[in-house]
Amino acid sequence: MAEIGGGGGGGCCPPMDLMRSEPMQLVQVIVPMESAHLTVSYLGDLGLVQFKDLNSDKSPFQRTYAAQIKRCGEMARKLRFFKDQMSKAGVSPKEFLGNDVDIDLDDVEVKLGELEAELSEINANNDKLQRSYNELMEYKLVLEKAGEFFASAHRSATAQQSEIESQQQVGEDALEAPLLQEEKSVDPTKQVKLGFLTGLVPREKSMVFERILFRATRGNIFIRQSVIEESVVDPNSGEKAEKNVFVVFYSGERAKSKILKICEAFGANRYPFSEDLSKQAQMMTEVTGRLAELKTTISAGLDHRKILLETIGDKFEQWNLKVRKEKAIYHTLNMLSLDVTKKCLVGEGWSPVFATPEIQKALQRAAVDSNSQVGSIFQVLRTKEMPPTFFRTNKFTTAFQEIVDAYGVAKYQEANPTVFTIVTFPFLFAVMFGDWGHGICLLIATMYLVLREKKLSSQKLGDIMEMAFGGRYVILMMSLFSIYTGLIYNEFFSIPFPLFAPSAYECRDASCSEATTIGLIKTRDTYPFGVDPVWHGTRSELPFLNSLKMKMSILLGVAQMNLGIIMSFCNAKFFKSAVNIWFQFVPQMIFLNCLFGYLSALIIIKWCTGSQADLYHVMIYMFLSPMEDLGENQLFPYQKTVQLTFLFLALISVPWMLLPKPFILKKQHEARHQGQSYAQLGETDESLQVETNGGAHGHEEFEFSEIFVHQLIHTIEFVLGAVSNTASYLRLWALSLAHSELSSVFYEKVLLMAWGFNNFLILIVGILVFIFATVGVLLVMETLSAFLHALRLHWVEYQNKFYEGDGYKFAPFTFTLLGNEDE
């Protein structure tokens with residue numbers, strides 16, 4: 001590649017040119033240490049310099065500003081902590097409208113540390129209080145449910161005792177075991193005092209919990225459980241869970257230790273309980289009082305926490321932007337190399353030529369504002385490195401440029417397909433989607449995004465909505481072209497209308513009573529714009545619209561492929577590659593147009609003359625029997641001679657593409673490196689140019705076999721691709737036909753059928769089904785399908801003729817997108 005650099009360029013911003021990328025230059029900036037931070041900050045505001053990493057051999061911890069980046073990272077962590085806390089509390093950060101972040105980083109660091117400590121203390125106290133509150137809530141439930149067990153048992157035992165006393169069968173027996181009846185004939189000295197444990201166990205584990213207890217104690221327990229209707233907050237996990245209150249009666253310390261271990265294993269929370277009813281009432285009163293106190297305390301703590309978070313939210317965006325900006329500045333400073341004197345930093349990077357005055361002005365302003373006694377040095381370097389590609393776009397062209405960049409970024413100064421894609425992409429979409437009713441629906445939806453773009457651009461949208469909003473102008477162009485092609489096809493939700501004039505045909509007899517094409521005669525002038533409405537009658541007898549779409553697909557395909565080859569000529573001419581012009585561009589044009597260009601010409605001639613010639617027969621026998629008379633398939637005089645000439649040129653163009661170029665390139669290489677002659681670098685094929693780094697000279701070995709095989713593959717690919725790509729454009733016809741047929745099915749089989757029942761309810765249902773089918777299938781699925789096929793036609797059939805897409809995008813250091821980036 002020719003050397004890049006030199007010349008600072010004049011003026012601020014020349015007119016935007018999408019055909020070629022902006023002229024770029026490699027610049028060097030030498031900045032004093034005292035003004036380095038401010039200089040990089042001003043260049044970040046400018047956003048027109050892409051710095052190169054001159055310390056790529058160093059790890060992040062070995063760089064000059066590693067400590068500052070670590071410091072910014074710690075502040076960013078605190079800000080993420082604040083953001084998470086605000087999100088949980090439902091506090092939204094206040095939008096920061098200022099352009100400059102004129103606050104000191106040290107003050108921000110101190111403030112963030114204080115706020116984090118205060119917020120962490122509030123959270124810790126709140127968690128502790130909340131845990132106590134949750135424990136008391138569970139304790140209260142245990143007191144209620146277990147108290148019911150004992151009260152019920154006490155009432156039952158009292159009733160039994162009264163009955164026994166009334167029958168005078170028992171003397172003065174005491175009520176010793178209200179839940180477990182024991183034989184009173186046993187010796188009182190051998191009676192065992194039962195103990196019990198109370199608590200809560202997760203409901204899904206309650207049955208297993210009970211079985212394990214029985215197995216572990218060999219059935220020497222008595223357990224009662226009660227379901228808690230509402231979920232409770234577990235004190236340990238802080239999450240809501242469904243639980244049961246349990247009471248386990250046991251005998252002996254050994255059984256108790258087993259029960260305690262099982263409770264711990266099942267996550268069952270245990271609480272103390274007294275079988276004394278008066279003590280139960282006293283404990284319930286104490287727990288209720290403490291709950292009220294804790295609730296008041298927690299509420300006050302939450303109010304204080306919310307006030308603190310609102311205070312943080314007022315300054316959050318300002319602090320966040322400041323920290324992000326400082327971190328980006330120090331990352332960039334780490335890409336600059338430290339001078340041996342350690343008094344200045346040296347940076348290199350790419351910038352557009354037109355940005356030179358602005359960069360110099362920013363350097364001067366940084367030196368003045370930082371009170372530096374030494375100014376920065378700015379100079380342009382000469383290099384043979386491949387510069388980045390930079391296209392200046394606006395809100396309209398950005399989406400189209402991104403469609404092209406998704407295939408591959410243009411090489412520096414390579415012809416940009418976006419210029420033509422702005423028109424051809426929505427037009428090819430519309431050829432497949434053509435219906436002016438559906439186009440209007442798409443236009444209305446798009447106008448909502450366009451008219452509210454200022455408001456929507458500041459909001460966070462979902463993934464699908466974000467994608468639609470970003471491509472709103474692409475969809476706008478698609479809808480406008482769809483309305484145009486729909487008028488050409490004369491289709492409004494698949495219904496033809498005589499919009500511009502009455503139909504040129506009328507019924508001759510009753511055979512065309514159903515508006516079919518049988519029996520129609522022309523009675524007035526031809527329909528002025530688009531397809532005559534009656535041609536939608538039956539496609540079997542007069543498939544004119546179907547034939548029109550098919551032949552238009554071929555014409556559009558051949559035209560766009562020719563455009564792609566012309567673009568390859570523009571690239572070859574720009575890179576001064578005469579070899580590519582004469583042995584790639586010229587034979588490709590000849591091959592394509594002698595075959596498919598000739599087919600396109602025959603289609604147009606047939607339309608103009610009204611001939612009934614069979615074009616399939618003409619093209620097939622052009623190869624199989626080129627000397628045979630055409631007969632009724634002749635469309636113009638000397639057609640046979642023209643076909644023989646085109647056939648000869650098409651056949652000769654194949655070896656023309658294959659053979660000369662490798663030998664010419666070999667001769668040029670030998671002439672350059674054997675000293676026989678000196679050819680200018682720009683006269684050779686750009687694929688063989690040696691790109692060097694920093695002006696170093698290299699020598700590339702020429703492999704003739706590799707060049708020949710590469711050219712053979714390229715030739716075969718073009719010859720086969722010319723056929724397959726032309727056939728691929730028939731998808732324009734196929735999808736257009738499918739869209740039309742689907743529209744017709746929904747109209748006839750849903751809407752008209754519902755209308756024919758003469759029932760209001762069925763009509764409403766039919767209209768709703770028609771609307772949902774139209775929106776879901778035709779306006780969403782069909783739109784996506786046509787979009788993807790249009791994308792494929794541009795990436796494969798069009799761009800592969802000329803577009804290499806092996807460049808890399810210009811990514812300047814800028815603060816513009818810092819506010820929208822996630823850490």
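For all residues, glycine too, the Cβ spot is worked out from N, Cα and C.
Nobody curates TrEMBL annotations by hand; they come from automatic prediction.
As the structure is a computational prediction, the values presented were derived from the model and not from experiment.
Under the heading coiled coil, TrEMBL lists 105-139. Taken from TrEMBL, the feature transmembrane segment covers 427-451, 472-489, 552-570, 582-605, 641-659, 760-781.
Same-chain neighbours of the transmembrane segment (760-781): 435, 438, 441-442, 493, 739, 742-743, 746-747, 750-751, 753-754, counting only residues six or more beyond its ends whose CB sits under 8 Å from a CB of the stretch.
Non-local neighbours of the transmembrane segment (582-605) in the same chain are 551, 554-555, 557-559, 561-562, 565, 568-569, 572, 611, 613, 615, 618-619, 635-636, 642-643, 646-647, 649-650, 653-654, 656-657, 660-661, 664, 718-719, 722, 726, 801; each lies 6+ residues outside the stretch with a CB under 8 Å from one of its CB atoms. Here the transmembrane segment (641-659) has Cβ contacts under 8 Å with residues 583-584, 586-588, 590-591, 594-595, 598, 618, 622-623, 626-627, 711-712, 714-715, 718-719 of the same chain, all six or more residues outside its ends.
Taking residue pairs at least 6 apart in sequence, the transmembrane segment (427-451) and the transmembrane segment (472-489) share three or more C-beta contacts under 8 angstroms.
Long-range contacts of the transmembrane segment (552-570) within its own chain (CB-CB distance under 8 A, at least 6 residues past either end) are made by residues 415, 417, 420, 424, 428, 431, 580-581, 584-585, 588-589, 592-593, 596-597, 599-600, 603-604, 722, 725-726, 728-733, 793, 797-803.
When pLDDT is averaged over the coiled coil (105-139), the result is 92.
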